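Pulled from Swiss-Prot:
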{"type": "BINDING", "residues": "E94", "note": "substrate binding site"}
{"type": "BINDING", "residues": "R105, K192, Y194, Y268, Q353, Y355, Y419, Y423", "note": "dimethylallyl diphosphate binding site"}
Amino acid sequence: MTIPTEISCPEEDAFQLLDKFSWFPSDDQRRWWEYTGPYLLKLLRDAKYPQKDQVPCLYLLQQLLVPYLGTFPVVGQAPLPWWSNVTTYGVPFELSWNLLHNIVRIGFEPLSHLAESGVDAFNKTAPEECVSRLACLDNTIDLARFRHFQHHLLVTPEEETWLLKEKAPLAKSGRGQQTLAVEFQNGGISAKAYFFPGMKSLATGLSPGKLILDSIERLALPGLKEPVHHLRSTLGLQDDGHPTDTAIAPFLLGVDLCTPERSRLKFYVTDQVVSWDRVADMWTLRGKRLEDPQCADGLALLRKLWDLLAIPEGYRSNIRPDFAFGTPPPEDYRPVMMANWTLSPKKKFPDPQIYLLTVGMNDAVVMDALVAFYEVLGWTDLASTYKDKVASYFPGPDFTKTNYIHSGVSFSYRHSKPYLSVYYSPF
């Protein structure tokens, strides 16, 4: 008698296998699972995940993420009780696909009824619970850096009380302080945390840029002084953390939840001036990185992507749009640009990653541009199938008439390879 060492099931049954006897304590959780499960499975298949890895990925979504997604959004019903920083529409869930390494990623903001009801006004409880459970599931997840930045970038109980008393009523957007992301790779998971110090800034009077840089400095990592210096110089960051150019705004810190010696730090900004010259300055650190051949190679590919997308240049006045769920962005809406730089004690210059946000652009045009870029990169299989893949994720819409499916595209270049991720609307 042969005993099988692993369970396999037909691909089409991976979702049904977990769904058949699943139980959820609320209708919201059931609806989140029924919507996100098939969506994730399609993306996993297209990213060529082995069949044996698909069920564990779905199981993690069902058991750990879905319970923390809060109220399921419904068009025409009351606005979501919590406006998340994760997506343009405040929905706390986003799928993306790293096309070079075929890695699927879920970005999300863990929520609970405490945050949605206002009891946990700055949503500190659910992210803490969720990340602790993640760490219990995989021993490669290390929370040392997470705890450090929690301490320095989240509002204290005293600051919460002051904000609720002195700054009321607070805007519905921007109250969230931390979000998470999980990536499925090599049969396991990796996790990242993101800290938004906007509320800490409001409570302390210190700029987000200063709060982030001070928290990094307190790590006392040898070798970080030089890359931080180059970042400060490029962005014109003054001692108070404010850039000399008011169109640029530091707003976010990203950190890998792994052992501290391997954990990367990412410093994020938005830029209200969207132009190729700004992109090139951010990529080259105003020319400082041009001595590195990889900088020029990456810049040339980034220019091709920029030209293909044909993003209109200009100043963006609307940093935080207040769109009603289920309503497409106005045809003339154009988002800001984003960038981050990875700070490492092992590298003289921080590595850039550019985010070209495409919300508001016609999806058919965006898909044509991406397909053309895949051909430039030699990704011929993806180029020939990409439109069909996206149509399977979002059945029904006419992409010549939609402008919200593709949230954005990020580009970086490391080890002589382009790293391209595409971000999709959750609905």
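Every residue, even glycine, has its Cβ placed from backbone N, Cα and C.
All protein chains shown were included, and the count of other CB atoms within 10 Å of the CB of Y355 (dimethylallyl diphosphate binding site) stands at 22. For Y194 (dimethylallyl diphosphate binding site), the same-chain residues lying six or more positions away in sequence with a CB closer than 8 A to its CB are Q178, T179, L180, A181, L252, L253, G254, V255. When the alpha carbons of Y419 (dimethylallyl diphosphate binding site) and E94 (substrate binding site) are compared, the span between them is 19 angstrom.
Annotation note: Y268 (dimethylallyl diphosphate binding site) sits in a strand segment as assigned by DSSP.
Rounded to the nearest whole angstrom, the C-alpha distance between Y355 (dimethylallyl diphosphate binding site) and E94 (substrate binding site) is 15. Following the DSSP three-state reduction, the secondary structure of Y423 (dimethylallyl diphosphate binding site) is strand. Of the listed binding-site residues, namely Y268, Y419, Y423, the sparsest CB environment within 10 A is found at Y419. Residues near K192 (dimethylallyl diphosphate binding site) in space but far in sequence (CB under 8 A, at least 6 apart, same chain), listed by position: L180, A181, V182, E183, G254, V255, D256, L257.
Within 10 Å of the C-beta of E94 (substrate binding site) we count 22 further C-beta atoms, all protein chains included.
Residues R105, K192, Y194, Y268, Q353, Y355, Y419, Y423 are the ones the record ties to dimethylallyl diphosphate, and the longest Cα gap between any two of them is 20 Å. Working note on the binding-site residues R105, Q353: by count of other C-beta atoms within 10 Å of each C-beta, Q353 ranks first. If you take the Cα of Y268 (dimethylallyl diphosphate binding site) and the Cα of the residue listed as 'substrate binding site', they are about 18 angstrom apart, rounded to a whole number.
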